[in-house]
């Protein structure tokens, strides 16, 4: 290379490696209303300052890379870079910090949860300078929210479709989840629906296996729905799982469900993927189907406190991608979930405007600008003795789903469903009369047993069943 060429190449560009914090740590930055804001729990490697760690997260999840590149001069880094604008220590932890990062809106494709996550959590979580990294929360600005359709229908439209008001909805996951023939599966659905439930449900891993192909299941479940509706005079539904190996097959299953005239289908949104989920949500809105969402695989991502992504982020992403129901834990059942934290993301699913509230794990004020809400589903290890607590915790706009708590009734599925319906009606009536469900719950259930032998039998079976384990993921005190 001639000296002349060498001189020209070096003008305005100095090769080498420089600290991330020189470019991406900007504590003086004032966030914009259009920025996507992220709160990361950062655990740096020994010797890495929190400012450098936070700046590295901002850089590697936006415009930065490990070395200076000459093409930086071909764009405006100041316009497009992510910025770590605030750092605070985590209470009770010596080597963890909450690092706040602001991302310009131009970094993200409109209406794409897939692209948003690919940027914010796609690559940086494997960064060697960090021992662990967790995305605790996101603030989605109205300017980005309005590029999404959101839930196919929302809470009010669902209630109008079902003609059911003033109480939580009741559901049941059919068990055993695998191994039943389509006809026996449909029979189990029918017994639950005629007994008083609003919905029955495919479990997350019921797709189209050799023992029960999807088309056969759809037909027998539709028959169960129509027969139960004729007997009870109520609108019934079964969450027909449309999750499949390809998007094309998934849509084909949803089309068949619509042709059968059933009210609702289902999708496993994490294993199925956000692109598939958004496609299905659009189809459901266009064709009048409600969409139930299962969160299978979520705990792989959100269970550990110092690494991964909190479920409140997955819940926000689902509301944007689209779903009318989503499983949200129970607080009192067999699955992980602290009460205040669970109520925090339940509000993020249902409400239009949610204030920042660190006591409930909410790091940012979130304005959904009239995007429809999602109904939280409480499911997993719950039974009739839990009904007062569930009614008090989740309120009317929820689905309370009893799988074993229905099918495990000693007299069969229909009596199990009747027991749950009587318990729910008793709790709702007591609440409406001003009684304290948290304090008087057991008394309310015992009183209802006098009028319902099905409930009395259920109470006897599950009187000693408890799941008393401390949650792994808790709010920082």
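Placement of Cβ uses the backbone N, Cα and C atoms for every residue, glycine included.
According to Swiss-Prot, the feature N-acetylproline maps to 3.
Annotation comment: Swiss-Prot describes 14 as N6,N6,N6-trimethyllysine.
If you look up Swiss-Prot, you'll see 123, 173, 177, 295, 327, 379 marked as substrate binding site, on the strength of sequence analysis. Under DSSP, residue 327 (substrate binding site) is assigned to a strand (E or B) in the three-state scheme.
Per Swiss-Prot, the feature active site, proton acceptor maps to 175 (among others); the stated evidence is sequence analysis. The Cβ of residue 175 (active site, proton acceptor) lies under 8 Å from the Cβ of 203, 403, 404, 407, each of which sits 6+ residues away along the same chain.
Annotation comment: Swiss-Prot describes 201 as N6-carboxylysine, evidence class sequence analysis. A strand conformation is recorded for residue 201 (N6-carboxylysine) in the three-state DSSP classification.
Taken from Swiss-Prot, the feature Mg(2+) binding site applies to 201, 203, 204, supported by sequence analysis. The number of other CB atoms found within 10 A of the CB of residue 201 (N6-carboxylysine), across every protein chain shown, is 29.
According to DSSP, residue 294 (active site, proton acceptor) sits within a strand segment. Less than 8 angstroms from the CB of residue 294 (active site, proton acceptor) sit 204, 241, 266, 267, 268, 269, 326, 327, each of them six or more residues away in the same chain. What Swiss-Prot lists as active site, proton acceptor is 294 (among others), and the listing cites sequence analysis.
Per Swiss-Prot, the feature site 'Transition state stabilizer' maps to 334; the stated evidence is sequence analysis.
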**Complete:** Rounded Cα distance, in Å, between residue 295 (substrate binding site) and residue 201 (N6-carboxylysine) is 14
**Asked** Per DSSP, to which secondary structure element type does residue 173 (substrate binding site) belong, with helix, strand and coil as the options?
**Response** strand
**Request:** Between residue 201 (N6-carboxylysine) and residue 177 (substrate binding site), find the distance joining the two CA atoms and give it rounded to the nearest Å.
**Result:** 10
**Asked** Relative to the Cβ position of residue 204 (Mg(2+) binding site), how many further Cβ atoms are located within 10 Å?
**Response** 20
**Complete:** Note on Mg(2+): the CB centroid of 201, 203, 204 has further same-chain residues inside 8 Å, namely 173, 174, 177, 202, 205, 206, 239, 241, 266, 294
**Prompt:** Of 177, 295, the binding-site residues given in the record, which has the fewest other CB atoms within 10 A of its CB?
**Reply:** 177
